[in-house]
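**Q** Before I ask anything, here is the structure I am working with.
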Amino acid sequence: MGKLFGTDGVRGIANRDLTPELAYQLGRIGAYVLNKDNNKRAKVAIGKDTRISGDLLESAMTAGFLSMGVDVISLGVLPTPAVAYLTRHLKADFGVVISASHNPAEYNGIKFFNREGYKLPDEVEEQIEAYILNNRDVDIRMEGKDVGTVTVDEKSIEEYTDFLKTTLDRDFKGLKIAVDAGNGAAYRSAPKLLKELGAEVILINDTPDGMNINKGCGSTNPEVIGALVKEVGADIGISFDGDADRLIAVDENGEVVDGDHIMAICGICLKKQGKLKNDVIVGTVMSNIGLEIAMKEYGCNVVKTKVGDRYVLEEMVQGGYCLGGEQSGHVIFLDYNTTGDGLLTAIQLIATMKAENKKLSELAKVMTSYPQVLVNAKVKNENKEVYQNDAIIMQSITAIENKLAGEGRVLIRPSGTEPLVRVMLEGKNQEELNVLATDLAKLIEQRLN
C-alpha cells in the first residue's frame, strides 16, 4: 500500500487532499500506465456516487484522459459494481469509480478497474503513484483529431439491472421489501430492479442532495432499516452504503443479518445445489467464528484473508472459489461479478428465501454469532503500524488472550483508509469483551500518540 493509493484507491477530503489537480494527473498518468502497451485508441468508463464533489473530480479526471487521447464513457451515478460490470460489457480498456464508499460526504475517492473489471494490482497502482509523487508527467499531448471525446451512456442503469436479472431463475412476486438507499449510488437502480422482479418496494433515503450520503442512514445505520421493516411489515429489509458495493440485511423482525450470515445462508444453498466451488467460502480475519462452525456442519471450509475485499477477491481468483466476503456486507459472487455487489447480494439472498420457502429469520439460524466488540483507537497515520513494537501493548494483548482461554481472540488491525487502529475482541461474554476492548484501545491511544 503506497502513499496515494490505500486499500481501496485514492481517498481523502475532496478539494483539499483529493484535489482537481490530482484527479487530472491520475487521469493522465493512469491513461499512460494502463494503455502504454496498447496500440489502439483507448476508452474508459467512469461512474460516481452522489457526493457533491463527484462532478468536480469527474471533470478534472476526464480532462486528463482526453488530453491523452482516451475516449470517456460517462456512466453517471451508479454503484461501484455496476462500473466493474459495464467496463467489461462496454469493452472499455479500463474503468474508474469516483466514490468514498461509506465515508462522510466531504470525502471522495478514485479507484481504477482493469478491462476485466478487477481492481488494479498493487504494482500497477505503484507505477501510477511513482509518476505523481515524483512530479513526473509524460511527454504526450494529443492534438486535433487525436484528442479524446466524451459520450454519455444514458442507459447505464438499465444495462446493469438487466444483467442482474440474468443471475436469477425466479421472480419476487408476493414479497414486500424495504430498502434504505443511503442517499447513495443505488437510489435509482435498487428500486427499479426489485419492482421489475415483481416485489412491492418501500423505499427511504432516496433523495440525495450531494451532502446527505451515508448521513444517519445506509448500511452503517442498520437500525433505520430495522425500524422501517417492523413499521411496514416487510419480509426483508436491505440497506446499502454510499457506492452500493456492500449490503446489510434485516429479517422480518428487524434483526440484522450481516455479511457473515448472508455468506452462510447463500453458501449452504449453493452447496445443496452443487454450485459451491471446492466447498469453500472465503472470509477474513474479522469473520465470526460462528461462520466456520456453521459451514463445517455442511462439510464446507472457510479460508481467511487479511481484511479488505481486494484480498478476499485475490484468494477467490487464485483458489477458484465462487463465494467470499466480509462481515461488513461486501459479498462477492465471482460467477457473476468481479467485486462486492450490494444489489447482486440482495437478490441472491432474496432468491434463497424464495427457493427455501423460509423467512429470513429462519434461514439466519444456520449460524450463531459469537459476540464481537470493535473499538477504534485514534492514532496518527504514521504511527498505525507501530503497536507491534510496543512491549506494554503486546503484554496487554497476551494477557487478554490468556483470559479468553481459547474461547475467543484478539485482533488488532490498522485501518487502510483512516487514522485509526481497530481493536476487535471475540468471545462468549459481551460485557467482559466491552471492558477489555475499551481498555486496550485507550492504552493504544496513550502509547502511540
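Glycine is treated like the rest: Cβ placed from N, Cα and C.
Values in this document were obtained by computation on a predicted structure and should not be read as measured data.
I grabbed these lines from Swiss-Prot:
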{"type": "ACT_SITE", "residues": "Ser101", "note": "active site, phosphoserine intermediate"}
{"type": "BINDING", "residues": "Ser101, Asp241, Asp243, Asp245", "note": "Mg(2+) binding site"}
{"type": "MOD_RES", "residues": "Ser101", "note": "phosphoserine"}
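Just tell me what is around each of these and how deep it sits.
**A** Classification of Ser101 (active site, phosphoserine intermediate) by DSSP places it in coil, neither helical nor stranded. Of all Cβ atoms in the protein chains displayed, 28 besides its own lie within 10 Å of the Cβ of Ser101 (active site, phosphoserine intermediate).
The local packing around Asp241 (Mg(2+) binding site), expressed as other Cβ atoms within 10 Å of its Cβ over all shown chains, amounts to 31. A coil conformation is recorded for Asp241 (Mg(2+) binding site) in the three-state DSSP classification, outside any helix or strand.
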**Q** Only counting partners 6 or more residues apart, tell me which same-chain residues put their Cβ under 8 Å from the Cβ of Asp243 (Mg(2+) binding site).
**A** Asp49, Pro79, Thr80, Val97, Ser99, Ser101, Gly184, Ala185
**Q** Taking the recorded Mg(2+) site as Ser101, Asp241, Asp243, Asp245, identify the other residues of that chain whose CB atom sits within 8 Å of the mean position of the site's CB atoms, giving them in sequence order.
**A** Asp49, Pro79, Thr80, Ser99, His102, Gly184, Ala185, Phe240, Gly242, Ala244, Arg246, Gly340, Gly342
**Q** If you count Cβ atoms within 10 Å of the Cβ of Asp245 (Mg(2+) binding site), leaving out that atom itself, what do you get?
**A** 34
